[in-house]
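According to TrEMBL, the protein carries these features:
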REGION    1-42  region 'Disordered'
COMPBIAS  14-30  compositional bias 'Basic and acidic residues'
DOMAIN    91-509  domain 'Major facilitator superfamily (MFS) profile'
TRANSMEM  186-206  transmembrane segment
TRANSMEM  213-232  transmembrane segment
TRANSMEM  244-264  transmembrane segment
TRANSMEM  323-342  transmembrane segment
TRANSMEM  362-382  transmembrane segment
TRANSMEM  403-422  transmembrane segment
TRANSMEM  428-446  transmembrane segment
TRANSMEM  458-476  transmembrane segment
TRANSMEM  482-504  transmembrane segment
REGION    551-570  region 'Disordered'
COMPBIAS  559-570  compositional bias 'Polar residues'
Amino acid sequence: MLQPLSDRLEDDPEKPTHEDSDQTDRDTSSPERPGATDDEIIPAVLFSRPATPARQFSKTNAPPIDKIELKEEDAWEELGFCFPMWKKWTILTIIFLVQTSMNFNTSLYSNGISGISEEFGVSAQAARAGAAIFLITYAFGCELWAPWSEEFGRKPILQLSLGLVNIWCLPVVLAPNFASLMAGRALGGLSSAGGSVTLGMVADIFEPNDQQYAVAYIVFSSVGGSILGPIIGGFVEEYLHWRWTIWIQLIFGVFVQLLHLIFVPETRTTILLDSIAQKRRKSGQSPNLYGPNEIEPFWRRFTFKELVWTWVRPFRMFLTEPIVLTLSLLSGFSDALIFMQIQSFVLVYRQWGFSTVDIGLAFIPIGIGYIIAWILFIPAIRRNRKQRALKPGDEHAQYESRLWWLLYTAPCLPIGLIIFAWTSGGPPIHWVGTMYMICAYGPYSASATGGNGWSRDFLAGVLTVPATPFYTNIGGTRHLEIASTILFCISLLLVCAVYAIYYYGPELRKRSPFAENLASKVTSEDHGTPHRRISRLSSNEIGYSGFQHRHEHGAHNHGVSTSQTRRAGA
């Protein structure tokens, strides 16, 4: 209930002057009926459910005013959470295409390597650096764009990102020399917003307990875009000039940017609240109503120090949080394998006389594996949601149970790699044995690639250049088999770590200061209002804190106290 500011400041150590208090009392009268008594205001307050006012001081010597902050619960029906389901999935489908285009840019370039090498007089290994530098700068670009989308909105930031990526295609496709090409690729990667913004949009329109299907959908676009490049690239490399690998990226990028511009509205909750407050003030309905970003200026609520901390946080978590580190390495390794295979498949399948087009089509089984994994995760998600609803106070049910299906799909990776290793030696072994590995690898990757985006892109970029020497210089005559066997050993260690997290996750979280602090922040800031949580946390925190968000939402719905929730989230 709205409380006069003068009453709320009684316990304030910086108590206002008598003149300020008088002014405050006068300002708390009903906007529609100046001078109304408190008894006349109360029924209107109960009906309109205004939010708690926040005191603001002007930069002049004018007396203080009351600004009422519009909060989520006061405009819930107008926020993204209440969009009709068809609208939500329309938005997601366009974002699916946007994310696909971003990852398509990372992989299609590789089919132009031979042409680039020939035209600019550089080695094929040097030409591969264009693929690596895009991936590495993409990894950092995703983190750099995230805080701006939270402050200025998803739509303008994503439009700016897409526009810059498209612009930086031009120095590459029109490059007069190799240096221009490398500069364009580096700037294009740095301009890519990636999953830091697209997954943030999922949190904008789906409440925590309803996000899993949407997240799986967007993650599918991420891994799918990576294999779409070599499939299409095989035809481009065979029949077109290498510059068409960039022209096609540009055409696809412009297409998805126009789709996003025309059909996707702003979804960021705080930006919507600002817009709603402005409309209500303009209509005269609530002259003192302001959105959260209007109450406090940008540079007051988001200092340079906080900006740097926001950028540094993912890397600090990567190095200091065992759960984040393990799942990020797992996810990064699985994604890096795609880009290593883009380079190694030529070596493997040339032994059977595959053409460039045939080698590109060899990536189709990975896509089949992704589709199978996505379908299989639907009942797994249903099982998890049911289990969490039945056991709201059980830590394992709320957190580690989300990894349950990964316990069965993760072993597909080392199994597939070892089969690939010892069927990739060429005739007389039939090439179909290698296809089993590729199909088996897909289900694992699709389930694991929802981890830290930075590690995926960074490791993929770092491993792109050494992939060919790795497959050609290790193991003598058995170099292909030995190289894949080494990858098998690495994957086996990472998969074992999944089981360790599944069974020992509660102990690891209790030792994590970040998890403890985040659980307390989520609970204390929102005072038991579950739908406010996502908008109060940054995109970097959303991925790590999904367990805490969902658990607390379920806890409040099942009568679990705040203190119990905080302990469970530790």
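Glycine too: its Cβ is placed from the backbone N, Cα and C atoms.
The recorded stretches the transmembrane segment (482-504) and the transmembrane segment (213-232) do not share 3+ CB pairs below 8 A when only pairs 6 or more apart in sequence are counted, and are therefore not in contact. Contact check: the transmembrane segment (403-422) against the transmembrane segment (458-476) gives fewer than three Cβ pairs closer than 8 Å, residues 6 or more apart, which falls short of the contact criterion. When Cβ-Cβ distances under 8 Å to the transmembrane segment (362-382) are tallied for each of 213-232, 323-342, 458-476, the top count falls to 213-232.
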